[in-house]
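Structure first, then comments.
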Amino acid sequence: MAASDTERDGLAPEKTSPDTDKKKEQSDVSVSPRASKHHYSRSRSRSRERKRKSDNEGRKHRSRSRSKEARRHESKDKSSKKHKSEEHNDKEHSSDKGRERLNSSENGEDRHKRKERKSSRGRSHSRSRSRERRHRSRSRERKKSRSRSRDRKKSRSRSRERKKSRSRSRERKRRIRSRSRSRSRHRHRSRSRSRTRSRSRDRKKRIEKPRRFSRSLSRTPSPPPFRGRNTAMDAQEALARRLERAKKLQEQREKEMVEKQKQQEIAAAAAATGGSVLNVAALLASGTQVTPQIAMAAQMAALQAKALAETGIAVPSYYNPAAVNPMKFAEQEKKRKMLWQGKKEGDKSQSAEIWEKLNFGNKDQNVKFRKLMGIKSEDEAGCSSVDEESYKTLKQQEEVFRNLDAQYEMARSQTHTQRGMGLGFTSSMRGMDTV
């Protein structure tokens, strides 16, 4: 009986060991990818446990002390395995290797074959599963990204269609409103209330919509119809206004000029009739306002009348009467007349007659002298009919001029080494002969 108890006790912990080993394998797989490297050691631990079962069945004849020691050893191994699996996986593998060395002497060849088969199976299964999982996750991500891009495209196209439909509906509403307003203006009062209510409702709806649409609606006003025609009409109206203003200004200027001319005529008439004081009095009596300009014009007109009475010369109308002194202007006009009037026949003086009758004894010399003095050649005919006294004087003059010329030529020949003789009226040889 005692032996049977010991066998049961020995078998119980051994039966529980495969469950714990399965849990350990699951924890090792889920902990880290590094654990996948140690599939070989796990397969060894499984074969070890099976061999233990077979050994314990064959060792039923062993003593109770041996079973107690085994129990203690296994309980210690369990506690150490739990701690090691949670904290350090490397220590567990080292303890498994030690157990493998103890049991390696029993069935070496079978154990190696089983290990190789299981390790290859475990590795292949784990690697294929991880690859399948990765492939599935990647395909799912691709499908999700494709579906997202499709959703985005659909949402964009929908938003565009909505915008287009809204703009079309707005244009239709505007056309309908413009037509209704043009047709039914006399019914405006009855329909204005309903329109205002509907507009307020539309505004509320627009406010409830996203903000960007309301902004775009408020910022873009409805285009006015026939904008080009309005601009052309505006330009024509502006031109017409400018022409009207120019006409008005021209009329005002013409009126001012007419008034000034009238004032000047009045001032001239007043100056002709009497003094400036009387003229101003006459203007005051007539009812016209006397300005400083009118007073100055009256004074200048009085001065002009005075100069005209003294000299008989009037200042022309194209001169400014305020800028021209009438007395000085009269003196200048007298001088001009004296200069430009024609000479009379009986106004020759005695000196003029003497210079005209002057004779140098040479015709060429006489002609040159008369040209220089401005004496006309018509008087040559009158020179023949001269008195005896005048004839004597003319002869004396000729002799004097001849003697002077001869002396001058002699002096010139001596001092200037015959560079030139005389004034050019006579030859050098003739002067030398006379000497």
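Keep in mind that glycine also has a Cβ here, set from the backbone N, Cα and C atoms.
Since we're looking at a predicted model, the values are computed, not measured.
The feature coiled coil is assigned by Swiss-Prot to 230-272, with sequence analysis given as support.
What Swiss-Prot lists as compositional bias 'Basic and acidic residues' is 1-27 (among others).
What Swiss-Prot records for 35-51 (among others) is compositional bias 'Basic residues'.
If you look up Swiss-Prot, you'll see 66-111 (among others) marked as compositional bias 'Basic and acidic residues'.
What Swiss-Prot records for 112-214 (among others) is compositional bias 'Basic residues'.
Feature annotation from Swiss-Prot assigns SUMO1 cross-link to LYS376; the stated evidence is similarity to another entry. Mapped onto three states, the DSSP output places LYS376 (SUMO1 cross-link) in coil.
Look at Swiss-Prot and you will find ALA2 tagged as N-acetylalanine, backed by similarity to another entry.
What Swiss-Prot records for SER4 (among others) is phosphoserine.
Per Swiss-Prot, the feature phosphothreonine maps to THR6 (among others); the stated evidence is similarity to another entry.
The phosphothreonine annotation in Swiss-Prot covers THR16 (among others) and is backed by similarity to another entry.
Taken from Swiss-Prot, the feature phosphoserine covers SER17 (among others).
Annotation comment: Swiss-Prot describes SER30 (among others) as phosphoserine.
Swiss-Prot lists SER32 (among others) with the feature phosphoserine.
Here Swiss-Prot flags SER104 (among others) as phosphoserine, drawing on similarity to another entry.
Positions annotated as phosphoserine by Swiss-Prot, on the basis of similarity to another entry: SER377 (among others).
Per Swiss-Prot, the feature region 'Disordered' maps to 1-230.
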Limited to the coiled coil (230-272), I'd like the whole-number average of pLDDT.
86
Would you count the other C-beta atoms found within 10 angstroms of the C-beta of LYS376 (SUMO1 cross-link) for me?
9
